[in-house]
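Here is what TrEMBL records for this protein:
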{"type": "DOMAIN", "residues": "D:15-224", "note": "domain 'Metallo-beta-lactamase'"}
{"type": "BINDING", "residues": "D:H81, D:H83, D:H151, D:D173", "note": "Zn(2+) 1 binding site"}
{"type": "BINDING", "residues": "D:D85, D:H86, D:D173, D:H409", "note": "Zn(2+) 2 binding site"}
{"type": "BINDING", "residues": "D:H383, D:V384, D:S385, D:G386, D:H387", "note": "substrate binding site"}
4 protein chains.
Amino acid sequence: MEIEIATIGGYEEVGRQMTAVRAGDDVVVFDMGLNLSKVLIHDNVETERMHSLDLIDMGAIPDDRVMSELEGDVKAIVPTHGHLDHIGAISKLAHRYDAPIVATPFTIELVKQQIKGEEKFGVQNDLVKMEAGGRMAIGDENELEFVNVTHSIIDAINPVLHTPEGAIVYGLDKRMDHDPVLGDPIDMERFREIGREGVLCYIEDCTNAGKKGRTPSESVARRHLKDVMYSLEDYDGGIVATTFSSHIARVKSLVEFADDIGRQPVLLGRSMEKYSGTAERLDFVDFPDDLGMYGHRKSVDRTFKRIMNEGKENFLPIVTGHQGEPRAMLTRMGRGETPYDIEDGDKVIFSARVIPEPTNEGQRYQSEKLLRMQGARIYDEIHVSGHLREEGHYEMLDALQPENVIPAHQDMQGFAPYVDLAEQFGLEVGETLHVTRNGNMIQLVE
Amino acid sequence: MEIEIATIGGYEEVGRQMTAVRAGDDVVVFDMGLNLSKVLIHDNVETERMHSLDLIDMGAIPDDRVMSELEGDVKAIVPTHGHLDHIGAISKLAHRYDAPIVATPFTIELVKQQIKGEEKFGVQNDLVKMEAGGRMAIGDENELEFVNVTHSIIDAINPVLHTPEGAIVYGLDKRMDHDPVLGDPIDMERFREIGREGVLCYIEDCTNAGKKGRTPSESVARRHLKDVMYSLEDYDGGIVATTFSSHIARVKSLVEFADDIGRQPVLLGRSMEKYSGTAERLDFVDFPDDLGMYGHRKSVDRTFKRIMNEGKENFLPIVTGHQGEPRAMLTRMGRGETPYDIEDGDKVIFSARVIPEPTNEGQRYQSEKLLRMQGARIYDEIHVSGHLREEGHYEMLDALQPENVIPAHQDMQGFAPYVDLAEQFGLEVGETLHVTRNGNMIQLVE
Amino acid sequence: MEIEIATIGGYEEVGRQMTAVRAGDDVVVFDMGLNLSKVLIHDNVETERMHSLDLIDMGAIPDDRVMSELEGDVKAIVPTHGHLDHIGAISKLAHRYDAPIVATPFTIELVKQQIKGEEKFGVQNDLVKMEAGGRMAIGDENELEFVNVTHSIIDAINPVLHTPEGAIVYGLDKRMDHDPVLGDPIDMERFREIGREGVLCYIEDCTNAGKKGRTPSESVARRHLKDVMYSLEDYDGGIVATTFSSHIARVKSLVEFADDIGRQPVLLGRSMEKYSGTAERLDFVDFPDDLGMYGHRKSVDRTFKRIMNEGKENFLPIVTGHQGEPRAMLTRMGRGETPYDIEDGDKVIFSARVIPEPTNEGQRYQSEKLLRMQGARIYDEIHVSGHLREEGHYEMLDALQPENVIPAHQDMQGFAPYVDLAEQFGLEVGETLHVTRNGNMIQLVE
Amino acid sequence: MEIEIATIGGYEEVGRQMTAVRAGDDVVVFDMGLNLSKVLIHDNVETERMHSLDLIDMGAIPDDRVMSELEGDVKAIVPTHGHLDHIGAISKLAHRYDAPIVATPFTIELVKQQIKGEEKFGVQNDLVKMEAGGRMAIGDENELEFVNVTHSIIDAINPVLHTPEGAIVYGLDKRMDHDPVLGDPIDMERFREIGREGVLCYIEDCTNAGKKGRTPSESVARRHLKDVMYSLEDYDGGIVATTFSSHIARVKSLVEFADDIGRQPVLLGRSMEKYSGTAERLDFVDFPDDLGMYGHRKSVDRTFKRIMNEGKENFLPIVTGHQGEPRAMLTRMGRGETPYDIEDGDKVIFSARVIPEPTNEGQRYQSEKLLRMQGARIYDEIHVSGHLREEGHYEMLDALQPENVIPAHQDMQGFAPYVDLAEQFGLEVGETLHVTRNGNMIQLVE
């Protein structure tokens, strides 16, 4: 059976991930993501109303025109998890394909919301839920399987396409977490099994491949966060926390430790409400019944007023703004634009790291400066990454023993340390180790 | 009563700490440390046989000649904990003073060993043990108290000299740890009490004053270490770990997790044997009965041979060499100079951070390179610092509300962020906030 | 005679410089500067209409309320050169003092323009021009002298107040340049002479004290710029350059090399027009007769259209925007908001360094990204600093042999390396080496 | 005609460069280099006596066993210039090939000395001199041409193999220098001509491809050096300089400026004597008649004694040790192991940059620390690189318009920015832009 892989997007950058695998006549598309930074550099761009081609020209969404070179029919579009760089282009591209979108329940729900917000295109693809561990036929000879993985968002999987020529493992994005706070540990046993069955190709996320050691478990971040929050138990002023709003496990820890130190947690900001609300509705997390979540400006302001009235010392607002985004809640609090007064000695907890890029670093710096001007004390970098480091990659390669490897989710500089590693497993650049770019086609079996 | 403070050493560098406080006619000396880097830059220097004056000229030990300007009698020499930069000059300087050395039991034991190794001077000072929480009269009007603190070595205290003019709190070195794995949490309650009684002066360790947030608890490092070691449970080859040999809590965690993953821990290297042996003998830690500790070259080699015979997969050697020191055990293992074979895929755990200085960084880089040339996989930076960060300092100042502050344990660049912080508590440079240098005298009460 | 120094502003930051020296009954004020970053962090603040006290509260201008503690009369306000951090608060503070503003001709002209733009206060102080080398009586016993120095703006001097107790040398800001492209070399001979006569106190700019070696001469930057521009001689598309608009020597080099490679230079942007226009009007620089300078939006746009019509290959626009300031000309060009089309292969020359602060770095990064998105090729860091490095400071201290030294123009972290250096000349912290903060008073002679 | 390229060494690192080009039946080998760092990490290794295979296993010299897969006969071995990473393996590998070594006169001379020092192998290959601009037939259909380039060593060329299928340009190592102080400017005219004739393949040195702008000309470094040295004209103590001993243009500048400021230059250290002596003997440089060059320990010591007797203020020793190498002259001077006394205020000029690798950085740091402990003042980084930056690469690609490109002289991380650039010229990864590794074979024409 002919096996071909089109590396459409996310092979020269992080963002706008998209990969298509053809096995005989069947094609499966993995991820359709958005590179938000390519949008934000322009003033006043609203993606909701833009046409795909303009977004492709901007480098914001994958240039899927290469798909025309791929024979066969698209049988499924498979986003691996709900981050924007994996689902953000679905509303712009999926309608071109007569195929269902297959994903885990939480991801499907986020895709649904994405589609609802779209104003240019009507996206009518079927939305099919499949749980981690599930399997689905793709044409007559191939089968799609979801293997449970752990990432900085819940319900993440690595899809595996089983073909007569061996398995194609699409490895974006994951951390090897045996104690992930929320959800099941990574299913290494299944990966090892698949490795024994035979892996034709492994496509892997190289984000942290150049960092030594292993990415700590979410439970390490949780222990760290607990240490910080418990140390503030006696503080009788305001404490505010921020984190990635899609990071439900972290939000859960914040909520629990707030309770432990005698504060009522409240989630504030549109994306806080969206992700945590969705997770709760789908029963992925069990928040306290009275946990407030407010997204609209008015209800947020009303909540802040209530907090000020009832005493800041009784609350833990968990807000958006961990990267210092100019319009996020925390930045607005720093500018004094909300009814919440930050006073001398008040604490601000960043359970996040700055994404290392000068624009972010500048904005985060400004945000912290504004907060400090009002007297805030800063606790930052209480976080662990969602991506494998060097030794996680080593273990994965050891488990899968793939015949071919395609480094992904980075530019070439990011691939480099992964290539060094993969060569230690006998893979050879130009032969079985495919250093590729956006828009390329790799023929594995002729 | 006249109160005067001589800032003798460690006010222009980290290392060779020494401070003398005169309260009326009584003088107490805090710490007598060694700056090892000033020794190591020279080839073939053996401090054991050197004269104090030569070591002073090298900048290796405190220049205590300023003591002659200080009236009154030295009543006690008080090292705060057992690190070399706090006790390493005792064998070279203490014999000049007719005063006992007063310290906690573990520290006293290390001082004793230090004195025993000295070849130039006969040090005859009385060695007096006092536990954290203990008190001792200093002359007729002053009293010395030990407040329990948490640091990267056990049995660390902050000595407080209670005078009629208020307390002098000598704050070197500590982390604010409420869950320190070994020993009691930091006694913040007592610090707050002393703060309410009135603190005339606070001398503080500024090492990490410029780092945001709070230093994580040792229990966070332990959780991190557990995550790494448990992830290696299935590995059936060699695993080697290294850490600061004086860091008994960390060694204890390594020993326990080794057991958890089915490996027998063994401590190897002279300083490993020394510190852990001492801690066990004094009942500070409860190691398994059969825990081997070997310092001499021959017994180390014999142990390595036994490990190779019985199977590397059954052992966890815990060795010296976390900074890549050229003659330490791990570096020698990297060079293939020991009977222990490092093979492809074997794991090396650095439960330590590189002390950020180009010499260390170069040596550690070489050590890792040698290990990798043999196939080792590296896990590093599994560590937390023993020194307060910005928010720990904020809490201490808030607790003590000192009238005067003297930043210490750094050069002026290191003092700078601490000065910014202390000013927020109303302290003023040149008035109550004393930015000082080695060899200065500060008169607090005339 | 009593000598007292008030370190009013610029001793905890770079920006808002202000220092007052009292010699007997006479007071001289050196510099009244603005810290622009404290203004820009707020949205929509217009300093022109703001009251001094609000600007003081923001930390934007010096808090001169400490002046009330200083006896004697202010006899002169002496800005050392025309940069905003040295003259930018004159329009907000000078009217409170019944004293003339004494400065070199170019600086006076910039002060005049500053005052004209002020909308809140009427500043009526006399403006007195004095050339480098000039002297002026201050009261009966003191004399003010201007010693020529070299900096990144023309007509910079170091004022010296000669008192019966010795000279007070106010050393902000300078580089030791023996070949400064425009203007005379630094007058080291006079400094050495003053050193022999006796220097009571030296106040020094520590900006680069922690950098090894010596700051290169402007002639080195010129040689570097020549290398870049001559290498582009054959390029037949657009070339654009940007630099500090107040840096007349650099603008002159750009103009000359433009001519050398067959392009007509044009200065574009309001501050380009302001500084270069002023310099030309006062005969500090001899530009070609037909050199266009345009500041107003309309004339700039008209010029860009003309350039596009006559062929980009014939021009070198020299524009504002070297730090990526969001509204500067070059950033607007990057956004495609001007009639000048940047095309594939066009060159952009940054004859400037990014001021190392995350906000600037973020903005500059964005600006370069926008330019690159249009195809621009970037040449950057063609620059030398205007501030002494370590060895320049060594030479100055060697020349002046001051009795007292006050480090300035930095925070304490910035003072630290200078303190290390000054101690090598026998100065002692707390005695003759005054590590100080904003708002302090230092009594040198009682 | 079949064209094949074997990328033998230097495609995963800097060092041990070696590339073979087969055009029909003729093979030309470009460079045979040594990676010295792979030797130095081991204690007490003497390459002179080692066998090739051991050096290959260490990664020190190219693994040329892949040559057996290449049909045809080696007709020439062509080192591009005299640096060790390009000629250092000739004495270990060249004797296996029945082919002359063809190089420019200076390079040939250095190869000759290399061979003479070899103790293991007898290298008998003919040594053929060809000047820049020269041409030589390679078999019946191909021709070898040397195009003059500029680098940090004199007499560097880029060899071009003209084949019926187009030119193969081997582009290692160069800077685009139009004013190189010594020798002719880079021959861009010839490159443009070759570009018009048609370039089948361009193999390029990516060392600085990730650095913005253009590498400054040697004349810029010279201007910088002049600025530093002239500023020291009045100093009446010792001045010492160090630089790359193979960098004759720099040595020449040092020698000339020494004379300008009234000091007699002396070259000290074995490699100083070797390179400068060779350059002078071959008439590449015109040193003053009485310029002393001493390599042997005894004559160096004698010279130092003479300098101390006649007065340090009359001399400028130019010595080895710019990287802080433990046994180099300058490091020994820092340790006080030579008769030359470094005293308070003496100047040390590093006309070099630290090669950015932790081992070097650690050693250089130690060396400077030792020098400073004796009172030395440090002037460093007076240097420009010998390798093209981003815009130099842009110009080369623009001039050559190659059909195929092979990035070299780096690892994959180093290739990455070059790949981004080359794609802008329409080259495509996997098609015409060959990202390769050591030991690969690339077939360009079948």
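Glycine is treated like the rest: Cβ placed from N, Cα and C.
Remember, TrEMBL labels are computer predictions, not curated facts.
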Entries of D:H81, D:H86, D:H151, D:H409 which, being binding-site residues, have CA atoms within 10 angstroms of D:S385 (substrate binding site): D:H151
For D:D85 (Zn(2+) 2 binding site): intrachain residues, at least 6 apart, with Cβ closer than 8 Å: D:G10, D:V14, D:G15, D:R16, D:Q17, D:G33, D:L34, D:N35, D:L36
Additional residues around Zn(2+) 1, ordered along the sequence, whose Cβ is within 8 Å of the centroid of D:H81, D:H83, D:H151, D:D173: D:T80, D:G82, D:H86, D:S152, D:I153, D:A156, D:L172, D:K174, D:G386
Cβ-centroid neighbours of Zn(2+) 2 site D:D85, D:H86, D:D173, D:H409, 8 Å, sequence order: D:G10, D:V14, D:G15, D:Q17, D:D31, D:G33, D:T80, D:H81, D:H83, D:L172, D:D205
DSSP state at D:G386 (substrate binding site), helix/strand/coil: coil
Conformational class of D:H83 (Zn(2+) 1 binding site) under the three-state DSSP mapping: coil
Sparsest Cβ surroundings (other CB atoms within 10 Å) among the binding-site residues D:H151, D:H383, D:H409: D:H383
By Cα-Cα distance, the member of binding-site residues D:H383, D:V384, D:G386, D:H409 nearest D:H81 (Zn(2+) 1 binding site): D:G386
D:H383, D:V384, D:S385, D:G386, D:H387 excluded, remaining Cβ within 8 Å of their centroid (substrate): D:S152, D:R175, D:N208, D:T215, D:A221, D:R353
Entry from the binding-site residues list D:H81, D:H83, D:H86, D:H387 having the most other CB atoms no farther than 10 A: D:H86
PLDDT averaged over every residue in the domain 'Metallo-beta-lactamase' (D:15-224): 96
Spatially closest candidate among D:H83, D:H86, D:D173, D:H409, the listed binding-site residues, to D:V384 (substrate binding site) (Cα to Cα): D:D173
Residue from D:H86, D:H383, D:H387 whose C-alpha is spatially nearest that of D:H151 (Zn(2+) 1 binding site), among the binding-site residues: D:H387
By Cα-Cα distance, the member of binding-site residues D:H83, D:H86, D:H409 nearest D:H383 (substrate binding site): D:H83
Of the binding-site residues listed as D:D173, D:G386, D:H387, the one whose CA lies nearest the CA of D:H86 (Zn(2+) 2 binding site): D:D173
Binding-site residues clustered about D:H409 (Zn(2+) 2 binding site) [Cα within 10 Å; pool: D:H83, D:D173, D:G386]: D:D173
Nonlocal residues around D:G386 (substrate binding site), in sequence order (Cβ under 8 Å, 6 or more apart): D:H151, D:S152, D:I153, D:D173, D:K174, D:R175, D:T215
Surrounding CB atoms that lie within 10 Å of the CB of D:V384 (substrate binding site), all protein chains: 22
Fewest-neighbour residue among binding-site residues, criterion Cβ within 10 Å, set D:D173, D:S385: D:S385
